[in-house]
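Features reported for this protein in TrEMBL:
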- A:ASN205, A:MET234, A:TYR263, A:HIS299, A:SER319, A:ARG320, A:GLY321, A:ASP360, A:GLY361, A:LEU362, A:ARG363, A:GLU399, A:TYR426: substrate binding site (BINDING)
- A:HIS403, A:HIS467: Zn(2+) binding site (BINDING)
- A:CYS547, A:CYS550, A:CYS555: [4Fe-4S] cluster binding site (BINDING)
- A:13-80: domain 'ThiC-associated' (DOMAIN)
Number of protein chains: 2
Amino acid sequence: MKDTIPTITTGALPAASKIYVTGESHDIRVPMREIAISNEAPLTIYDSSGPYSDPATRIDISKGLPESRGGWLAARGDVEEYKGRCVTDADNGFAKGERLVAPFPAPHVALRATGERSVTQLAYARAGIITPEMEFVAIRENEGRLAAPVRDGEPMGAELPDLVTPEFVRREIAEGRAIIPANINHRELEPMIIGRNFKVKINANIGNSAVTSSMEQEVEKMVWAIRWGADTVMDLSTGRNIHNIRDWIIRNAPVPIGTVPLYQALEKVGGIAEDLTWEVFRDTLVEQAEQGVDYFTIHAGIRLHMVPMTAKRVTGIVSRGGSIMAKWCLHHHRESFLYEHFEDICDICRRYDVSFSLGDGLRPGSIADANDEAQFAELRTLGELTKIAWAKECQVMIEGPGHVPMHKIKANMQEQLKHCHEAPFYTLGPLTTDIAPGYDHITSAIGAAMIGWFGTAMLCYVTPKEHLGLPDRDDVKTGVITYKLAAHAADLAKGHPGAQRRDDALSRARFEFRWQDQFNLGLDPDTAREMHDETMPAEAHKVAHFCSMCGPKFCSMRISHDIRAEAEKREGMERMAEKFREGGALYVPTEPAS
Amino acid sequence: MKDTIPTITTGALPAASKIYVTGESHDIRVPMREIAISNEAPLTIYDSSGPYSDPATRIDISKGLPESRGGWLAARGDVEEYKGRCVTDADNGFAKGERLVAPFPAPHVALRATGERSVTQLAYARAGIITPEMEFVAIRENEGRLAAPVRDGEPMGAELPDLVTPEFVRREIAEGRAIIPANINHRELEPMIIGRNFKVKINANIGNSAVTSSMEQEVEKMVWAIRWGADTVMDLSTGRNIHNIRDWIIRNAPVPIGTVPLYQALEKVGGIAEDLTWEVFRDTLVEQAEQGVDYFTIHAGIRLHMVPMTAKRVTGIVSRGGSIMAKWCLHHHRESFLYEHFEDICDICRRYDVSFSLGDGLRPGSIADANDEAQFAELRTLGELTKIAWAKECQVMIEGPGHVPMHKIKANMQEQLKHCHEAPFYTLGPLTTDIAPGYDHITSAIGAAMIGWFGTAMLCYVTPKEHLGLPDRDDVKTGVITYKLAAHAADLAKGHPGAQRRDDALSRARFEFRWQDQFNLGLDPDTAREMHDETMPAEAHKVAHFCSMCGPKFCSMRISHDIRAEAEKREGMERMAEKFREGGALYVPTEPAS
């Protein structure tokens, strides 16, 4: 057994401090990040990084994070403790001795709904109940704002209120337009919401594979990913030790954790797709639901008759889950057990409030295959499944592509809205060209920003290693930052209230040569500072009124200040201004940030 | 004097060889890149890298590239050799002794139009003449295709013929919709075309600054930038040695070189904007035109009455040239000499065929300032200047922003088309958010891809160092690759004929686990290979039917092949297929590349 207390990245981000906003109706503390600015009021922003970035919290991953949701669940009085399923050797891929990752040491009591009740946020929302989770995300979405700034943007049909209220959250969930992935067994969670009428979110994938990786690395990757802004994390582990590694991750995760249960089920049957059965799969769902997985990717949309639709594709089926299920369907020549047992799956999910991410097993894997018959046939089935899940009071989001050239992106959003009844869309990219291996975080950020603008609620990141290998720590960071900027570009374009506050604060810092503020307000202060220091390392240069890009004589911003100063000095400026076709004083100082 | 024969990157790209296509009407050899593919016909693509990537060419930068255009110009019989202007100390910022960069050693004879003639491609095009330059770019744009593949895309008003003919090129130039920047004093040039109805091009900026850089570095940056795909290079040098460094660059440049003559003029007056005069500026234009600069950025669109429009901006004026001219206008309280002498400037440009890049001095420098009154007021003036330049038979393109959120990008293209009479648009990004210093190549690639799709003809790259410092060699490469992929995404979305050939070839390689082909067909084979090898270094893995991302058991593409094999093995497949709602054989092998 290896060291079970790995080094986890902790501590505040540069110039940032953690603040907590308390609820009005519930006993909740909503974390926010406050960025200090040298000559303005601090900027408060959304913060996904969890207790790890709070210097006041002692982190011990062998104990896990505090179960702050425990009291909320108890107060609802509709769940019961029970002795969960016993962990089997198969759960960890028969890893033994040295190769077995140690189980998570602290006890975790499994909860389930009492009787036949549904304990989903959707059920509560429909019943008119505003849960602590709903109030939590409402406060969180407002980022400490008290008022709406000037509105700008083209929301593309999204409804973006000036301020998000708990009741607005409840309504959005009740109508299926948003989800709060929050398994009752993930009591360490800081709830977040995924929906078109909220801030665009991003997901980071982690997970060991049969080829490489370890528990320590995976927990740190999760912490690292949320530090830079991942809103949810999918554990896509395959190979050995899946169960134990997932325990370590969930017990230490303040963000929702998603999985593809099929991966573990396949390990349990020795990697032979056709040997998969409903019983093995069902067992895996219960196992993961008891651990606290917040959302399951379920590839129930691939039907037998769709498999031949992929025959003429350039890149066939590129979803792992999709290819596994297609193989199963073809081998048995029948509809998949996921499709046939979908209601049974719902019955499991509603007992724990595991949300669905209905997998797009037939998503295109190349520009050539975008928006084809197979892809849209599956999408329509996902729409049918959405209705079934909703009837069972389960929360649902829909997975989307993939590889799509820019001119075919909007149709993806339109078809999804139409056929999936406005359930939140969760896309992978899409990549807008196939010719840039090594840069697919960028080819996909283009598509992600666009589809985010059009209404996609969550963007699954793509790292520079896409198509090439397993991302390491640096790749995870690059992927997360790239997707944070894409999601933010989408929020700006939608006119999300408050989104522009950070751009404006950074731009003011830029214009006023407040270099430290400029770094600290960016998505990655460390990298910005390092890049600046490469050519101008001296501390004195941090107050320099230029940078090495243009040098002092050609710094347009410095000259702009000279212009303003000169204009202010000159007499007769007002008279002069009148002569101009358009009047107004020159360089009136901008308003301080509200 | 430092070593004048620096190390220049030469040699073929991986699996690539240089081929030359000869003209039908003229004595021209158009370079293309042929990428060998292991089990398909080679793919021929556009190649901007010049003789440096041809192992058959001996490179000696102290001799410069061969003057392949010399014969074309002589044949037209409308130019004369003359003793050009003498180089003064001021041209090199009074650099002396050790600090003076050695002059380019080989002689360069200056040419100019005889008499009052115009020797611009626009003048020839209007006269119905198809020049060698026009035939050259026509062949180049077709990338060795003989036929148009299946058309797909949304051209947004662009007219994209199946194959580009020399006559089509002539017409586009005659109507002002495209330019071939090709100074008669840049006889080393391999002509290229910039226009909405051609492939989207990218520009890379290089240049030393007062703070850092050298001649050797700048020549290598140029060679390095075109190796990775830059279609034009702007030399934005400031500080000392501007004249001599530019000579070295142009004599070794197969791509058009652009400059902002104002930068050098400002150096000549000691960096004091208000001391600039028409005479100094005029002298600088002639100096640079004689050297062979192919396009000038001229900030003639800033008029006095527009300066106050920037007063309430968050980031004032962010164009260097714009801020210099604004300061000049304000100080002298008069219209700029660029605006007042615009016709005189045209008279110089038409004698050498220097194209205009009409500078957007008032472009927005932040999301907050996008699409404001100042920006669009200047754009309308640029439209007026376009008409003046066209009347003088000068070629024109228009510079565009800057920082623009996604929802305001389309208006930029629409306003430009409307007010600038379809002259080609050449934008910097635009950056779609301000919050990601260190990642602005990505924030801007999003905007660049979109505005490229909407009709922008050339995209000026942004490197990761934007706003932070002077880009180094690695930054230049990252910026170029990022912009190549954005331009390609735009070509795909427009439905540029032939654009998808490369995506398809790479996707086929991906599906068939031809790793080497996958690397070689990408924009950056070296990086893709390195990333792959980080986790799977062995040569044997180059033929592995999986990668470390998913491992062998979860490789969807491998499973897709298994499905195909299984389907082919099984009897009764056809009968089975009939039962499916949609018929068709499973995984019919894809057509080989045409």
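In case you wondered, yes, glycine gets a Cβ from its N, Cα and C as well.
TrEMBL entries are annotated by machine, without manual review.
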Secondary-structure category, per DSSP, in which A:TYR426 (substrate binding site) falls: strand
Set of same-chain residues at least 6 away whose C-beta sits under 8 angstroms from A:GLY361 (substrate binding site): A:HIS299, A:GLY301, A:ILE302, A:ILE317, A:SER319, A:GLY321, A:GLY322, A:SER323, A:MET325, A:ALA326, A:GLU378
Cβ neighbours of A:HIS403 (Zn(2+) binding site) where a neighbour is any other Cβ within 10 Å: 29
Site with most surrounding Cβ atoms, counting all protein chains shown within 10 Å, from the binding-site residues A:ARG363, A:HIS467: A:ARG363
Whole-number mean of pLDDT values that fall within the domain 'ThiC-associated' (A:13-80): 96
Pairwise Cα distance for A:TYR263 (substrate binding site)/A:CYS555 ([4Fe-4S] cluster binding site) [Å, integer]: 55
Per DSSP, three-state class assigned to A:HIS403 (Zn(2+) binding site): strand
Subset of binding-site residues (A:HIS403, A:HIS467, A:CYS555) lying within 10 A of A:ARG363 (substrate binding site), CA to CA, in sequence order: A:HIS403
A:HIS403 (Zn(2+) binding site) versus A:ASN205 (substrate binding site) - Cα distance in angstrom: 18
Secondary structure content of the domain 'ThiC-associated' (A:13-80), with strand meaning DSSP E or B: 11 helix, 25 strand, 32 coil
Number of other Cβ atoms within 10 Å of the Cβ of A:ASN205 (substrate binding site) across all protein chains: 23
DSSP-derived structure type at A:ARG363 (substrate binding site), helix or strand or else coil: coil
Subset of binding-site residues A:ASN205, A:TYR263, A:SER319, A:ARG363, A:HIS467 within reach of chain B (CB-CB under 8 A): A:TYR263, A:SER319, A:HIS467
Distance from A:TYR426 (substrate binding site) back to A:HIS467 (Zn(2+) binding site), taken between C-alpha atoms, in Å: 20
Length of the line joining the Cα atoms of A:HIS403 (Zn(2+) binding site) and A:TYR426 (substrate binding site), in Å: 14
Binding-site residues compared (A:TYR263, A:TYR426) - highest count of Cβ atoms within 10 Å: A:TYR426
Distance [Cα-Cα, Å, rounded] between A:TYR426 (substrate binding site) and A:CYS555 ([4Fe-4S] cluster binding site): 42
Among A:SER319, A:CYS555 [binding-site residues], residue with fewest other Cβ within 10 Å: A:CYS555
Surrounding CB atoms that lie within 10 Å of the CB of A:GLY321 (substrate binding site), all protein chains: 25
For A:SER319 (substrate binding site), the three-state class that DSSP assigns: coil
